[in-house]
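*Asks:* The following block contains the structure, expressed as structure tokens.
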Amino acid sequence: MEFYCESCETAMCLECTKGEHREHVTVPLRDVLEQHKTQLKTQLDAIRNRLPQLTAAIELVGEISKQLTDRKNEAVTEISSTFEELERALQLRKTALINDLENIYSAKQKVLQAQLSSLLQGKDHIQSSCSFTEQALSHGSATEVLMVQKQMSERVSAMARHDFPERPHQNAHLDCQVETEGLRRSLQNLGVLITTAAVGHTSVATGEGLRHAATGQHVSVTVTTKDKDGELVRTGNAALRATVTPVADGSRIVTEPEVTDNKNGTYEVGYTLRSEGEFSFALSLYGQPLRGSPFRLQAVKPSDALPSPDDVKRRLKSPGGTAGHVRQKAVRRPSSMFSIKKKENPIEDELIHRVGTRGREKGEFTNLQGISASSNGRVVVADSNNQCIQVFSNDGQFKMRFGVRGRSPGQLQRPTGVTVDMNGDIIVADYDNRWVSIFSSDGKFKNKIGAGRLLGPKGVAVDRNGHIIAVDNKACCVFIFQSNGKLVTKFGARGTSERQFAGPHFVAVNNKNEIIVTDFHNHSVKVYSADGEFLFKFGSHGEGNGQFNAPTGVAVDTNGNIIVADWGNSRIQHLKQGEATPTAPHTRPHPQHLIQGGDTPTAPDTRWGHTHSTRYRWGHTHST
């Protein structure tokens, strides 16, 4: 082999260059040999350079495998010791029960044996006396009979008068009752194995807080855990750690952010920086860095912070829809703009009370989304675009306002529905944050529920069991939670059938604990039992009495009648059994929201289907 065909990449002899390779480019083999050697050496060097990486990976995976084995052995030890301790406890209880049984038995038996001994002794005395006397009477002489009479008369008389213990001094009641059903159920569920498939290199962190922060302000990011294939992990309890260190001094940790486990595979990581500068924000899962970690974080003074995308969008949106924003000079108004028109006999559909004007000051609104009445005479309003909750007295006097814009727990991004529970806590559905927030009556944040489950909560109500009912407008279903956030049940799906929703909006509960939901695009109102079983619906698309065009707000009055905000028909309908009178005329600009009372009586047991005109009970709003 003296030649090399470059086209076929093969060595050949002289004869082959004249045969099938005669039209190919051929060169002497020795000329390309060094070239191929050099190329092979380069490739060898490239793969040899990967050996340290593979060695490190082998060590890491081996260490994790060893840790997993150690954890498994620790868990086996824990399980064994726990159950051995339970077995010892059971054995001790068994011994104690048997000892108690023996003691009770001995005490009762002692009483019975003493009584039995007394009775036997009495019986023997009587029998011996009878036998002796009968013997003397039958065979004794006159002298012996007289002697026996004198000797036995008093004794026999005493025995006849003696009070023997003939009634039992004890009973035979001695049972052992061991209630094991509850214990068996507990044992069946005893112990939980906690694990996840989450790994760091596929899990991701999102949020402005990865790159930018304003000093003194709480910032949070969201971590979404994934498995090795990039699939979402939907369980919590992963070992997630976060640290923030100065770039100039990586050994000094300035803060360890707080990690909140949402129990659904996502985590909120929140921190507050006190000084400006460049920092390294490291996130690790089971000791391994998240994808992209560590992040380079710049902290500046709040006055130097860049506006958020939401701020930019808000400034670019003008009333006419064109770009740019002209800010009017602020005019200080009273704390609450309200007017009351009182009459001795107000006519139906007469506006008797109006509260608020458009604006961003206290007592002003820009997009009123939800409203609720509390049992202590307060009216609570969810102002969506002002991203706050405002509280008024029943006569419209401003009382307080709370809420800070943001996406962290305790902040409000787009509050929609609002209600007040039996403890006076204010419960707010936050559409954009995708959860329901719970505040105390004075506006202090207590808890959030539904995170990771809700896609776009709109209406919210509290039933008579204290359960929180949230209407998920985006997911087209209704969630029922316990007050601590534990899911009780959910029902509904997207569709047009009786048991489906198409953009459900708001919810009310009557005193039969029935759940009443407005179905916006299906132009109807649907009624469900407390556990989500469909009962019936009413309404159809139209402008007639009892018909709807995109219903939104719903409430139940003190007489059990249902009041519906008929948004598309610009009216309120008051639905009552048995009579039909004209609906409120089309004089209101798209009514959307109705007051929800804390203790509203039930509607009639039969199905509602007629309408009754009504006036606005408290205020009116524009839909946006």
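Keep in mind that glycine also has a Cβ here, set from the backbone N, Cα and C atoms.
Any TrEMBL annotation is an automated prediction that lacks curation.
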*Asks:* Checking feature assignment: coiled coil per TrEMBL, candidates 30-57, 198-225, 478-505. Which range matches?
*Replies:* 30-57
*Asks:* Near the repeat 'NHL' (443-484), which residues from the same chain, at least 6 beyond its ends, have a CB less than 8 A from one of its CBs?
*Replies:* 262-266, 370, 389, 391, 400, 402-403, 409-410, 416-422, 425-432, 434-437, 490-495, 500-509, 511, 513, 515, 517-518, 528, 530-532, 554, 596
*Asks:* Counting a contact as 3 or more Cβ pairs under 8 Å, with residues at least 6 apart in sequence, do the repeat 'Filamin' (195-299) and the repeat 'NHL' (399-442) touch?
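*Replies:* Per Cβ check, the repeat 'Filamin' (195-299) touches the repeat 'NHL' (399-442).
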